[in-house]
Amino acid sequence: MAKMEVKTSLLDNMIGVGDMVLLEPLNEETFINNLKKRFDHSEIYTYIGSVVISVNPYRSLPIYSPEKVEEYRNRNFYELSPHIFALSDEAYRSLRDQDKDQCILITGESGAGKTEASKLVMSYVAAVCGKGAEVNQVKEQLLQSNPVLEAFGNAKTVRNDNSSRFGKYMDIEFDFKGDPLGGVISNYLLEKSRVVKQPRGERNFHVFYQLLSGASEELLNKLKLERDFSRYNYLSLDSAKVNGVDDAANFRTVRNAMQIVGFMDHEAESVLAVVAAVLKLGNIEFKPESRVNGLDESKIKDKNELKEICELTGIDQSVLERAFSFRTVEAKQEKVSTTLNVAQAYYARDALAKNLYSRLFSWLVNRINESIKAQTKVRKKVMGVLDIYGFEIFEDNSFEQFIINYCNEKLQQIFIELTLKEEQEEYIREDIEWTHIDYFNNAIICDLIENNTNGILAMLDEECLRPGTVTDETFLEKLNQVCATHQHFESRMSKCSRFLNDTSLPHSCFRIQHYAGKVLYQVEGFVDKNNDLLYRDLSQAMWKASHALIKSLFPEGNPAKINLKRPPTAGSQFKASVATLMKNLQTKNPNYIRCIKPNDKKAAHIFNEALVCHQIRYLGLLENVRVRRAGYAFRQAYEPCLERYKMLCKQTWPHWKGPARSGVEVLFNELEIPVEEYSFGRSKIFIRNPRTLFKLEDLRKQRLEDLATLIQKIYRGWKCRTHFLLMKKSQIVIAAWYRRYAQQKRYQQTKSSALVIQSYIRGWKARKILRELKHQKRCKEAVTTIAAYWHGTQARRELRRLKEEARNKHAIAVIWAYWLGSKARRELKRLKEEARRKHAVAVIWAYWLGLKVRREYRKFFRANAGKKIYEFTLQRIVQKYFLEMKNKMPSLSPIDKNWPSRPYLFLDSTHKELKRIFHLWRCKKYRDQFTDQQKLIYEEKLEASELFKDKKALYPSSVGQPFQGAYLEINKNPKYKKLKDAIEEKIIIAEVVNKINRANGKSTSRIFLLTNNNLLLADQKSGQIKSEVPLVDVTKVSMSSQNDGFFAVHLKEGSEAASKGDFLFSSDHLIEMATKLYRTTLSQTKQKLNIEISDEFLVQFRQDKVCVKFIQGNQKNGSVPTCKRKNNRLLEVAVP
C-alpha cells in the first residue's frame, strides 16, 4: 500500500486567524483581538498576505532552534504557521532560484524588536546558505558586525534597553549559488545629540559604559579614564546600571567581534582613544572673564582635563584652548576673530563632542564595509535588510522626530505603491480581471515636506542660509506664509482662521497630518539642528592632531584645502540619503516585517490594547489588509488546493488522475459555491470572500470527522478479527505444549526411579572395596614405622662418632694459633726497635747539617730581610688595590663616566689601562644584547647623527622617533595592490610627501617610494607611478639648517629623469628619508651622496637655475612652512 504524504497548511490547528486577510469581520477591534489571542498562546507572528506582523514577546521562545530552521527550509510560505523564518526563506529562495534582488523592510517603534528581527533574518540566511571555510568566514563577519554597531549606535531608552539610535540598511551580496560574498552597510541619522544629553531614565551609547566596566586597569590608565561613572558629565547616573545587562562581558564581546570583522589592534585602540576623548570633553567647564573692552571671554576652569585630552589626541594644548575661546570667520580675503562667551564655549564643546562621535561612527561603518565587502567582481545578487526608526509621536516632538516621520512617510509611500504593484502584476499574470483599489496616497504629505521650492525642508535650508538674524520663530513665520493653505499643515499663526482658537496648538508649534495621524512639532531647535554647525577653529584644531584617526575625521580642517563654501545642512543630507534609499528599494522585490510593541513595561505576557491600537494605526496595517482584500482575499495554487479539499468530492477522493485545475473545477461545482465568489487563474484559484474559505474549512473539518469515524470502524473490525485468529492459534499451541509436558513428566518419573536403584547398588560395591583398601593401608603404615625407628638408631650412633672427631680437630687448631701469635709478637718488637734507631740517626744528621749551614750563611741574614719585606709589602698593596677595585666597579652602562680614584701614584698607568679594558668589555657586553634589527636601527641613527647633528635644527626632534620606513603598509592595504604589483624590489621607504610645484610653489600629495635601485613617486589616490628615478642619477640632496621638512633632490644633468628638473619636497620625516637615501645610494653606487645644508641653494627647473631661499615667516600664518615662487629665479620658503 502506497504511503500517503500529509501536507500541512497555515490553516491547520490555527489559533485565531493566521492571516489577517482572512479575518471576518474586518475592523480595528477584531484585528486587535486576533493579535491578542495569538499573543496569549505565544503565537507572536501573524501574516497580512506576504507581510509579517511580529509582536515582541519580551521573553525567550523555543521557536528559533536549528530544528526550526530546518523545518522552514525550502517550504511554501503558507505551508506552515506564520514565522519570520518563512519570510526569510521565501526571500532567499527568490533571490537564489529566480535571480531577483530582495529587500526586507523592518519597521516599528522603539522596543518593538526591529533589531532582533534583523538578526534573526541574517542568522536564518547564514544557516541555510552554503558551507565552506571562506563562506563561513564571510557569514561570521556579517553576523559579528552587529555587536560592534550595537555598541556604538544603540542605547538604553525608557522604551527599550537596546534601542537602535540610527537607521541601518545592509546589502548582503550573494554569488550565483546563493553563497554570501560580502555586504555593504549604510547608516542614517545617528542620534548624536544623545552624546551630550540624555532624557531622564535613559543612558548614553552602550560603548561608554562597556569601556569603563570591561576595560583592564592598564587600558584605563592608558586612556586616562577611571571606572567611576559619576566622574563624567556626559553619562547619566540614574540609569547607569541596567538589570540583566553585563557591560563588562559585552565589552569583551565587542573587542572579539572587532577582531573577527577585521580591525587591527592599533585601530581598535585608536577608536577607544576617540571614545575616551569624547567622554573627557564633557568634563571641560568654563568660567567668564571680563576683557578690557567690557566683553566677557570664556576661560577653562580646570586645565587638567584639557591636558589629558590633548595627550590622548596629540593636539597642542594652546591650539585647542584657543579654539574653545575664539571663533574665526573667513570671507574671501578677510578673517575676523571674535571671543566666545561661556554659553558659546559650552555650545562649541558639545558640538565638537557630537561631531567627533558621529564621524567616528561613520568611520566605523566604512571600516566594517572595507572588511565585509565582496572582493570578487563577478555579477552579484543582493538581499537588503532595512532596520530603521518607526513612526514617532512623543509629547515633545522636535527636528529628529520630523526627519524620522518624513522617512516613514516615504517608506509608507513605497510600501503602498509596491504592494498595489504586486497585486496588479499577479492579477495580470493569472489573467484575472483587475479591480481598481481606492487607497490614501500620502504623496501630498511627502511633497509638503520635500518639495524643492515650497517644501518644509527647502524653506528650512533657505532660512538657515539667509543672512541676518535667523531664529526658529522666523522659520515658523515663513512656514505660515507658504504652507498656510495646505490641507495637511496646521499652525496657530497661519492665515487659516480655523486654527486661531485651537488651544491644543501652541503658538511656537506647527502640526502635520501624517498618514499615521496628526503630529505636533516644537519648532525650537529646528534651525540649530539643521545647521549642525561646528566652528572652523575646532575643525582645524582636530586636523592638527597627531592621532591619525582623529585627523582623518576632519579633512575640512586642512589649511591647504580651505573651502569657504557652507557645508550641506542635516536636512538636505538626510533628504538625499532617503532619496537614494528609495531608489535602491524600488529596484528590489520587497518583503515586509511590521514590529509591534505589546506594552511599555518591557514585560512578558502583558498586552496593552490601547498601545497596540496606536501602532496599528500609524503602521497602516488595516489599510494594508483592505488593499489585499480589495480584489480577492485568498489565492492558492491548484495542486495544494486540490490536495487539501479533495475529500469533499467523491470524484476527486481519494486520488484525482487528471490536471489539478480540472479537479478543482469539479470540486467547486460539486460543492455548489456561487461562481461570483471565486475565479480561476492560470495557476491559482482566487477566492473573493473569507467566508467562502471558512466554509470550505468547516466542510473539510466535518468530512475529516466522518472519515475518522469510517477509519475507526474499519480499524475496530480488523482488530477484533485479528484478536480471534490470534486466540484460535494460541489454543492449538497451548494443547500441543500440554501433551508434550505430560509425556515429559512421566518419562522423568521412570528415569528417576531407575537412577535411585542404580545408586544403591553402586554404593554397596563402593563400601566393600573401601574396607579392603583401608586394611592394606594399615599394613603398609606399620612396616614404615618399624623401618623408621631402626634407621633413627643407626643415625644417632654415627652422629656421636662425628662429634668426637670434630672436638679433637678444634683443639689442635687452637694450640697452633697460640703458637703462631707468640712468634709474630716477637718479630714485631724487633722491627719497632730497629725503626727507632733509624729515626734517631736521621734527627742527629739533620741537626748537624742545620748547624753547619747556619754557620756558613749567618753573615747574609740582615741584608736580605729588607728586600724581602719590600717585595711582600708591594705585593700586598697591589692585592688590596685589586680587591678594592672589585667592590667599587661602576655600572655596565657605556655612557657612565664614573671611575674610582687610584690610591697610589705608581699605579697610575695600571689604573688607566684597567679603565680602558673595562670600558671595552662593558661596551661589548652592551652590544651583544642587540638583535640584528636593533643594530641596523642604531647604525641608521648614528649615520643621521654624523650627517645632521649641530647642522640641522630639525635633527634633535627626530632622535626619539624610530625610523619605520614603510609608513603606508602598502603590502597590507588593498588600495595599493596595483602599486605593489608594479614594484618588484624591496621597499625601503613608503611615505606620503608634499611635492612642491616648480611653477607656483604649491604642494601636491605624492607617495614617496625608495627601493634598492630606484626612487619613485606615485599618485596618492590611484596608486599610479608618476616618476621613476634610478639612484645612479641622484647627485645631491639639499636642505636648510632650520626646523622645516623641505628638501631638494638634485638629478644628474642630461639624464632622462632630469628632463623636468630637480625635485623639491616637504616631509615630516625629513631626517629619516635623507639618511635612508644616503645609505641606499652608498650601498648601490659605492659613492657617498652629497648632503648640502644651507639656507640658500640652487636647483635646476628645466633650463633655469632657481635659488631656493629660506626666510623667517609670520607666526600668524600658523606653524606650517609656506612656499612661494617669487620670480623665474627665486623661490622663497617661509619658516615660522
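Positions of Cβ are set from backbone N, Cα and C atoms, glycine also.
As given in Swiss-Prot:
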- 15-701: domain 'Myosin motor' (DOMAIN)
- SER60: phosphoserine (MOD_RES)
- GLY108, GLU109, SER110, GLY111, ALA112, GLY113, LYS114, THR115: ATP binding site (BINDING)
- LYS287: SUMO2 cross-link (CROSSLNK)
- LYS287: SUMO1 cross-link (CROSSLNK)
- 578-600: region 'Actin-binding' (REGION)
- 704-733: domain 'IQ 1' (DOMAIN)
- 728-748: domain 'IQ 2' (DOMAIN)
- 750-779: domain 'IQ 3' (DOMAIN)
- 779-808: domain 'IQ 4' (DOMAIN)
- 808-837: domain 'IQ 5' (DOMAIN)
- 837-866: domain 'IQ 6' (DOMAIN)
- 952-1136: domain 'TH1' (DOMAIN)
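This view paints the features noted in Swiss-Prot onto the structure.
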| residue | record | contacts (Cβ under 8 Å, 6+ apart) |
| --- | --- | --- |
| SER60 | phosphoserine | none |
| GLY108 | ATP binding site | SER54, LYS114, GLY390, ARG594, CYS595, ILE596, LYS597, GLN615, LEU619 |
| GLU109 | ATP binding site | ARG159, TYR389, GLY390, PHE391, GLU392, CYS595, LYS597, GLN615 |
| SER110 | ATP binding site | THR157, ARG159, ASN160, SER163, SER164, TYR389, GLY390, GLU392, LYS597 |
| GLY111 | ATP binding site | ASN56, THR157, ARG159, ASN160, SER163, LYS597, ASP600, LYS602 |
| ALA112 | ATP binding site | SER54, ASN56, GLY390, CYS595, ILE596, LYS597, GLN615 |
| GLY113 | ATP binding site | SER54, ASN56, CYS595, LYS597 |
| THR115 | ATP binding site | GLU150, ASN154, ASN162, SER164, ASP387 |
| LYS287 | SUMO2 cross-link | SER298, LYS299, ILE300, LYS301, VAL342 |
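Its Cβ taken as reference, LYS114 (ATP binding site) is surrounded by 28 other Cβ atoms within 10 Å in the chains shown.
In the predicted model, the domain 'IQ 2' (728-748) has a mean pLDDT of 91. Excluding GLY108, GLU109, SER110, GLY111, ALA112, GLY113, LYS114, THR115, which define the ATP site, the same chain contributes ASN56, ASN160, SER163, GLY390, CYS595, LYS597 within 8 Å (Cβ to the Cβ centroid), listed in sequence order. DSSP assigns LYS287 (SUMO2 cross-link) to a strand segment in the three-state reduction.
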